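Feature list (source: Swiss-Prot):
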| type | residues | note |
| --- | --- | --- |
| DOMAIN | 213-312 | domain 'Fe2OG dioxygenase' |
| BINDING | HIS237, ASP239, HIS293 | Fe cation binding site |
| BINDING | ARG303 | 2-oxoglutarate binding site |
Amino acid sequence: MAKNSVEFDRYIERKAFDNTKEGVKGLIDAKITEIPRIFHVPQDTLPDKKRSVSDLEIPTIDFASVNVDTPSREAIVEKVKYAVENWGFFQVINHGVPLNVLEEIKDGVRRFHEEEDPEVKKSYYSLDFTKNKFAYSSNFDLYSSSPSLTWRDSISCYMAPDPPTPEELPETCRDAMIEYSKHVLSLGDLLFELLSEALGLKSEILKSMDCLKSLLMICHYYPPCPQPDLTLGISKHSDNSFLTVLLQDNIGGLQILHQDSWVDVSPLPGALVVNVGDFLQLITNDKFISVEHRVLANTRGPRISVASFFSSSIRENSTVYGPMKELVSEENPPKYRDTTLREYSEGYFKKGLDGTSHLSNFRI
């Protein structure tokens, strides 16, 4: 009986938080000094919740010479290959996205979340961003089996293949989102070429599989947390995408799990973070690795990040994906069963960010 009571209380508290439509920022605006218990992460995850003491750093790759000549491009492909096979993450500098575009999207995200009229934000509030061109929420997995909520608010929008009209986006971040998404799609085109070449295949092969077809932007706003040791910004997870391009500000807190240790992804001015998603690991048959990562809560803030997910759409999409035929053989048979983006993503979102791997459910 007591267990049911605890579970019922947790639902009631989450529902009450949901009903405010004010998110985590609403708690900060109310000047709380202790975070609600629904944000307390399980105690068994706390011992390793600390900043990295490792000297390890994820690879940084300079794209400046990617189209200069063949030797320069081949050298970059080798660096990309090493990064995605061994780390699953890398940072890119000289990626072609203008610095002013990077700054404006961060400013736009901040403007929306710090909108003075709360009714403007509330009008966009929805936990189901698959049915809305633009949605604002706090913890999409609010009612999932995830053991706790985490310290962030988010806005999300599908920018391709069916982008919103300008009128469907809030005025505070409209121009910034449209402009930034154009540059990210262009960078994604280049990244999938380099990844194809890193597989030893023709540069167009991943694009021909529609890896670049869908772009979902999720922009996170992490308010300062009065008790950062009790919660997380985002709990441990891997991405349900082919590829993710992340812009982060200078506050930090992103960590990746590498060789059983948490490694900080230190902010690099003007850089973008690129990471392999579950679907790219699946179709490359474990050639490229999708790595678990998380974001720590912080007394500093707000922290702002913009994550752009390629082909994480769960809208109607019947394409069946499995390990690429070019990468399997008798000696290296398929390690995953076939699935669709829709099937995979529906299970991923239903499960929530509970710290367990969804990809393992598809392993043969």
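Cβ coordinates are placed from backbone N, Cα and C, and glycine is handled just like the others.
ASP239 (Fe cation binding site) carries neither a helix nor a strand DSSP state and counts as coil. Listed binding-site residues: HIS237, ASP239. The one with the lowest count of other Cβ atoms within 10 Å of its Cβ is HIS237.
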